[in-house]
Amino acid sequence: MGRKRVVVLGAGGSIGKNSLEIIRRFPDRFELAGFSVHSNSGFAKTLLAEFTDAQFVSTKKKNSNLKHEIDEEAVRRLIEKSKADIVINGIAGSAGLKASVEVIKSGLDLALANKETIVEAGELIFQDAEKSGSTIIPVDSEHAAIFQLINAHKKGNIEKIIITASGGPFLNTPREKLSTIKLEDALKHPTWKMGGKISIDSASLANKALEVIEAVKLFSFPPEKIEVTVHPQSIIHSMVQCKNGEIFAQASPPDMKNPILNALSFPKMPESFLKPLDFSQIIKLEFMPPRTDDFPMLALGFEAAGKGGAYPIAFNVANEEAVDAFIKGKIGFTDLADITQEVLNSDWTMKPSSYEEVYDYENRARAIALARILDRVNGLQ
């Protein structure tokens, strides 16, 4: 088999740039068939000068500056023209769902880094993937680890999934200081280099909440059989506990290039270029329970996962809008969970049966979240 032709959606983001590094490092295995950026035309020109045969589109929707909107037709055009074998979806936020839908409809394999796709519309995505023949390979380090562990130990033998969390930059911050956290502090992740939104999600534990919901849907495990443990070193990416009580872990240095390379190489096991862990040296591994009282987003995520219906959609959109408001200085750090809770207080029991219904629920949740944010801006809360 020749080189895999790869399309990178969201090439200017953290996942996109790491994916491009993999393609550069292994020109005998992969070639860049196409890529998208949202609006960074300068970055696109630089890439086109380097990858002269690659197709390119901007996913920015005309006459719209909203981050949650993308040009689906542009994604469809890119997929058709690129003649790709696999697509990496590194688009951040709920906008990535529409891109995933286009990839799945095309029948191409999807290396999925956009967790919102599964959180909001996992059941619909899996149905369409079965019809089109697409394989969905998780790129998130935790879900990539679980994916490998389940393949190795068989789902029927597994009693519990254990997802690790770094604890973020405020792992040891006293509760009374959380309300005074500044944006620049929330962006300083201790172990991972990530984009702004996901860095803040990590700081609030919203990212881990989304990962719990994603794991419930991706691996068909109930939330009561999923546990989160704080592991500051980010060396163990996830674990599974088998029915005999034994626990198996996936361990590797905290570098997103590893799960990206694995996803692009699937179903083969690639030879990595990353330096493996050296157990001849002292390696410190710590585990502790998450501070759910101080960081309530994780508990809200478990609640949304357990209730099902459109609750995961409401959780994701509420958090997305709250994070955007925090970045713009409109609300404080502890408002992130309060706003999300207020949105979840509405009735979201109806399960969406189409993508259109998913988008309707998104719009409804977004309107409530924006109203709650405006209340705070106007000093009403």
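Any Cβ shown, glycine's included, is placed from N, Cα and C.
Here Swiss-Prot flags G13, S14, I15, N40, N114, E116, G195 as NADPH binding site. The feature 1-deoxy-D-xylulose 5-phosphate binding site is assigned by Swiss-Prot to K115, S141, E142, S166, H189, S202, N207, K208, E211, with sequence analysis given as support. The Mn(2+) binding site annotation in Swiss-Prot covers D140, E142, E211.
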Request  = Take the C-alpha atoms of S14 (NADPH binding site) and D140 (Mn(2+) binding site) and report the distance between them in angstrom, rounded.
outcome  = 12
Task = Show, in sequence order, which residues other than D140, E142, E211 on the same chain lie with their Cβ within 8 Å of the centre of the Cβ atoms of the Mn(2+) site.
result = K115, P138, S141, H143, A144, I146, I163, N207, K208, L210, E214, A215, S238
Remark   = Least surrounded, by Cβ count within 10 Å, of the binding-site residues G13, S14, E116, E142 is S14
Request  = Using DSSP reduced to three states, classify G13 (NADPH binding site) as helix, strand or coil.
outcome  = coil
Inquiry  = Taking only C-alpha atoms and a 10 A limit, tell me which of G13, I15, N40, D140 are near E211 (1-deoxy-D-xylulose 5-phosphate binding site). These are the binding-site residues.
reply    = D140
Task = Take the C-alpha atoms of E142 (1-deoxy-D-xylulose 5-phosphate binding site) and N40 (NADPH binding site) and report the distance between them in angstrom, rounded.
result = 29
Note = Here the Cα-Cα span from N207 (1-deoxy-D-xylulose 5-phosphate binding site) to E116 (NADPH binding site), rounded to a whole number of angstrom, reaches 10
Message = Please report the distance from the Cα of D140 (Mn(2+) binding site) to the Cα of I15 (NADPH binding site), rounded to the nearest angstrom.
response = 10
Task = Measure from the CA atom of K115 (1-deoxy-D-xylulose 5-phosphate binding site) to the CA atom of N40 (NADPH binding site) and give the result in Å, rounded to a whole number.
result = 23
Key: Long-range Cβ environment of I15 (NADPH binding site), under 8 Å and at least 6 residues apart   = I88, G90, A113, V139, M256, I260
